[in-house]
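Below: one structure, written as structure tokens.
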């Protein structure tokens, strides 16, 4: 999903009338509670429980729970594969976030200084990329980077950058990585750029003018004036992007399936391979628990940043 | 003014880079097979060839996938919006024990990644014999959309002054009438925004659909699209045609909400 939606500007809780019968809200909340409980609270509990169980296919078919204590955690945390997948996932997210924010800042500044028509053109282009579902982005990029008939190889060869005919981008770990990064960054820049641009519009132009009169260059003005004012937006964008870029199962699965030679396996794919493919549901749940802790921790920072900005 | 020209030029180049993948999808869908697998690539789909669309539209599997996707999406949007609206009214219009806790719960459950939860969902649906069934997928999607839409709608309801309803009640309107005549019309734009969010979620979600629907007869469109990726080669023409048909409604709906989405980003944003 590549959607960002937000409610109308933050509203203070309207003081609720205390006269109303107190049973009504509970009745109104029943369906939502059921939806959230049956489909989220229970699975999360199940996932945590499974991480302490053997949970192989035999156990599952016999519907028995064999408790193994911390065995799964021990085996995950001593698994060398886990220790390549985890830093790879984190590294991937970091690269994507840095690139996304840098390019987005550039695009936002362009939007700010462009003529009206160019601004409309660029924002329209970004909205189109933003609206494209993640799954479609991945499928299309796979085609763009096709070894034989992909347009990227042709462009690179024609422009003389490399002799890239027949170059198989997904056949090599690092170039497969580059393709994945470009899918993610292409999809993520528009939202970030439009958010930063919205922030730039709130910066009073007089501040920049005054600094310019005092002899500050564009670089200095950005780092000393603009960036500090937009810090909350950058904080939120960073945390959100880290969360999104850690969850890249569709992008990886639709292009490389974790290959070549498991070289692009990231946490989501690892869980899939262990659990659904390998039927080691206990071990897979352990990895899932660790991933959840990581992402909920990050989200916590996000909520705090959001609260600060709301203030 | 030379600087302005440089900036404008950069805007044009970057806009082209953003749109190019989408253009390439559309143009591939509109080319004859010979032009798709050609080197150098044919940049313009000319003459336009509707064969791939024809093949897709003549394929029973496409229609089955479309039906599956529509069934899931319509159910999730309708049921999810209703459930979320009820919760939103409760949270915005009543004070009761556990309200803060409930709102906090709504926020927390949104943070659990799909990648972490597909194992328990897989097992749950397996045990209830819903694995491979669209009903199971609908349940999962409701669990994703309801917390967020309820939270979003709560803001919309709270922004409508309660005085209006109280005034109507004073004039002798029943609670039901107050709701339908006063609150509902005012909250309608919020309902539209949240249902578009649910629509896009249910329509485009890939991870759960791929893991939980293992029966080809029930493939929704995202899984159908990936089924073109064979072991050796991808049949890009028809795949891009399906991708085009799949993306079109999202882009259309997106145009409705993008302004609000950017403006309100500081109020809370969710993706993935």
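Note: Cβ is positioned from N, Cα and C throughout, glycine not excepted.
Because the structure is a prediction, the values reported are computed rather than measured.
Sequence-remote contacts of a segment are chain residues at least 6 beyond its ends whose Cβ falls under 8 Å from one of its Cβ atoms, and for the transmembrane segment (A:26-45) they are 292. Residues or ranges marked as transmembrane segment in TrEMBL: A:26-45 (among others).
Taken from TrEMBL, the feature domain 'ABC transmembrane type-1' covers A:86-302.
What TrEMBL lists as transmembrane segment is A:90-111 (among others). Residues 119, 122-123, 126, 177, 180-181, 184-185, 188-189, 192-197, 199-200, 222, 234, 237-238, 241-242, 245-246, 248, 266 of the same chain sit 6 or more residues outside the transmembrane segment (A:90-111) yet have a Cβ under 8 Å from a Cβ within it.
Sequence-distant neighbours of the transmembrane segment (A:120-145) (same chain, 6+ residues past either end, Cβ-Cβ under 8 Å): 1-2, 107, 110-111, 114, 151-153, 169-170, 179, 182-183, 186-187, 189-191, 193-194, 250-251, 254-255. What TrEMBL lists as transmembrane segment is A:120-145 (among others).
Taken from TrEMBL, the feature transmembrane segment applies to A:176-200 (among others).
Away from its own ends, the transmembrane segment (A:221-244) comes close to residues 93-94, 96-97, 100-101, 104, 109, 188, 192, 195-196, 199-200, 202-203, 207-208, 211-212, 295, 298-299, 301-302, 305-306, 308-309 of its chain (Cβ-Cβ under 8 Å, at least six residues beyond either end). According to TrEMBL, the transmembrane segment annotation covers A:221-244 (among others).
Beyond the transmembrane segment (A:281-303), the same-chain residues lying 6 or more positions past its ends with a Cβ under 8 Å from any Cβ of the stretch are 44, 47-48, 50-56, 60, 68, 72-73, 75-76, 82, 236, 239-240, 242-243, 246-247, 267-268, 270-272, 274-275. Residues annotated as transmembrane segment in TrEMBL: A:281-303 (among others).
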